Structure formats: structure tokens, C-alpha cells
Amino acid sequence: MQSVMSSGPSLEADSVSILRSIIPGLESTKHKGQAGKIAVVGGCREYTGAPYFSAISALKIGADLSHVFCTKDAAPVIKSYSPELIVHPILEESYSIRDEEKSSISAKVIAEVEKWMERFDCLVVGPGLGRDPFLLDCVSNIMKHARERNVPMVIDGDGLYLVTNCLDLVSGYPLAVLTPNVNEYKRLVQKVLNSEVNDENGTDQLLSLAKGIGGVTILRKGKSDFVSDGKTACAVSIYGSPRRCGGQGDILSGSVAVFLSWARQCAAKGEVSMNPTILGCVAGSALLRYAASMAFDNKKRSTLTGDIIECLGRRKYAQSSRNLMGGFLGSTALLLYLKKQFNEKRKEKQIFRSSYAKFAMIKF
């Protein structure tokens, strides 16, 4: 596989090479589950969309099974969104239980999740979780059990609120991925580094933050996504969409979970040498940006998260039966698509032009 870093001073990741190297082929000899089993821990009575977006995105990208562990109030709603998801209504919030019941209910929640834990290739913790104290305590225990089982975790949304207030949940765990947005990143920097965000030395600060949490991988979301495990750093700056509708971070968390599990499979076979968490973050970020750009081309200002999900893995301008990314975008489709983008956005930053040039030089 080519280096994750592009030539020159840029931190831009070679996302195409990474995607092509970790996405498994579709083979008739494989059975259900081999392409990934993902679980989302989140979903309460206020927030049912976020866990759905994360879980369904994992399936759309290519995972075989996608579970959601949520509160009892949220379960019927999430189930109604799609029959494809396996929904477990086991979590509880403080308002629905008495104080004397909390200990026994917490034990039941952990026992139920533990029955499934060894089957999962990755957990996504946080989408639609909310901040109920009892619920967060239960999820903290779930995370501890996942860590004991060496199950990778992608932490997003209110999971980041939980982790920021209890860093021990992920500190020193190399299979943890944090995906903070601007405000979540600011809180992490203040908590861990006791300083403010410094964009002038952003890469160094990101490296320091990942080191400060013991070598977790951090995907800092923004106009460009920056990724670091405390040892190396890279960026994904492929043009996405100017439409910033809510829910795109949930797509990203589910995507990273799948790609991370695939990257670990490749690493176990000696097919890649880089940190699988870095590879999973780069792949998830790049594919989301492709899909968001396609959706925006079609829907413009009315683009919603569901439109982006529908573009995950969709071919556009397909001219060839040969596929790039193991079945995602047709090779000719991607080149024509990027050429169209390039012509429409000539005034975009030089980093996009460099990215386009790299795509154009690929031999299929």
C-alpha cells in the first residue's frame, strides 16, 4: 500500500489507496457476519435519529449486521425506521426507575450486553445517548467491558461528553477512536492539555492531545478532517458539501466503525502495516465526503442526512463494470465525477487540485 502521506509538506492522506487496500471483496464463499458486525450504543426518548443514522450507514457501507442498544422508549421508534437493524431496548433513564432499583437494573443491562459483546467487531458509543446520569453510568460500564474484551470503540456525540468527564474510560486504549467536532474538540483540549485550541500549531496540538489520552486515535472534524494517534498525523481534505445538516457526524461514526474493523482484518493478515484506527478514520472521512458531495449535487440546499446515506456506495456517471474501492464507485465514474467537480470548483484550495491529480493518475 502506498504511504498515507502524500508527497510534499501536505498532510493529505492517500485515501484512495487506503480504501482500495482495506475494503474486502464480495465472495460467494463468505458467510453472514464476516464483513462486520457493528453495535451502536445510544438512543433515548429525545434522540432517535442519530443511532439510526450511524447504524444504517454501517450497513450501507458493507457491514453484515448492525445492532442498536438503546432505551426502551427509543426502541420502537428506531425499529420503525428500518427492519434492517437489530434493536435492543435494554437501557434505562433515571426518570423511569427508583433509586433502590438502580443497582439491579444496571447489572441486568451489563449482563445483556455482555452476551453479545464477543460477537461485535466494533462499538459506536454516543449517538443520541443523551446525558442522563444513570444512563451514562450504565454506558461507562459497557465501555469497560468492551475494553476488557479488546473490542474497538468509536466515541461520538454524548459519548465524548462522557469521556471528557471520565478520561480513564479510554486513556491508554489504542483501539479507541474519538471523533470530536469543533466544540467537543475544544473541551478535550481544555481538559487534557489545560489550554485553548491553537490552530496555528494545530497538528502539533492534535498529536499532543492524542498522546495525552494515552495513544487513542482522534479524528478532528472540520473543513478538513485531521487524524492522529499520537505518533503520526494526516488529513482528509477532499471536497465534501457546504451543506452542514445535522447527522453527518453519525454517518461518519458508523462508517469509521466498519472501516476500522476491515482494517484490523487486513492487519491480522499482514496486508497493511499502518495503525488500523488511522486507516479506518481516513476511509470513513473520505467516503462520507464523496457521498455528501454527490448528494449536494442533486439536492443543493435541501440536502439532508438521509440523502447522503443514499449516496454511500452509489455509482455516478457509471461507464464501466470495473469497480474502484471493491464495489463502491466505478473507476470511470469516479474519474468523471472528480473531473466534473474540478471544473465546477476551480477556485477551491490547491489541496483539492492535488487530490484530483492523484486520482487521475491511477491506472485501473
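Glycine is no exception: its Cβ is also placed from the backbone N, Cα and C atoms.
Going by TrEMBL, these are the annotated features:
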type: BINDING; residues: G128, N181, V182, N183, E184, Y185, K186, R187, D250; note: (6S)-NADPHX binding site
type: BINDING; residues: 221-225, 240-249; note: ATP binding site
type: DOMAIN; residues: 15-319; note: domain 'YjeF C-terminal'
Counting across all protein chains, other CB atoms within 10 angstroms of the CB of K223 (ATP binding site) number 8
Provide the number of Cβ atoms within 10 Å of the Cβ of D250 ((6S)-NADPHX binding site), excluding the reference atom itself.
30
For the C-alpha pair, I'd like the distance in angstrom between R243 (ATP binding site) and E184 ((6S)-NADPHX binding site), rounded off.
20
Fewest other Cβ within 10 angstroms of its own Cβ, chosen from the binding-site residues V182, C245
V182
Quick tally, other C-beta within 10 angstroms, G128, E184, K221, R243, G247; top of the binding-site residues is G128
Binding-site residues: D225, S241 - member with fewest neighbouring CB atoms within 10 Å
S241
K223 (ATP binding site) to V182 ((6S)-NADPHX binding site) - Cα separation in whole Å
10
Between all pairs in G128, N181, V182, N183, E184, Y185, K186, R187, D250 (listed as (6S)-NADPHX binders), what's the biggest Cα distance, rounded to the nearest Å?
20
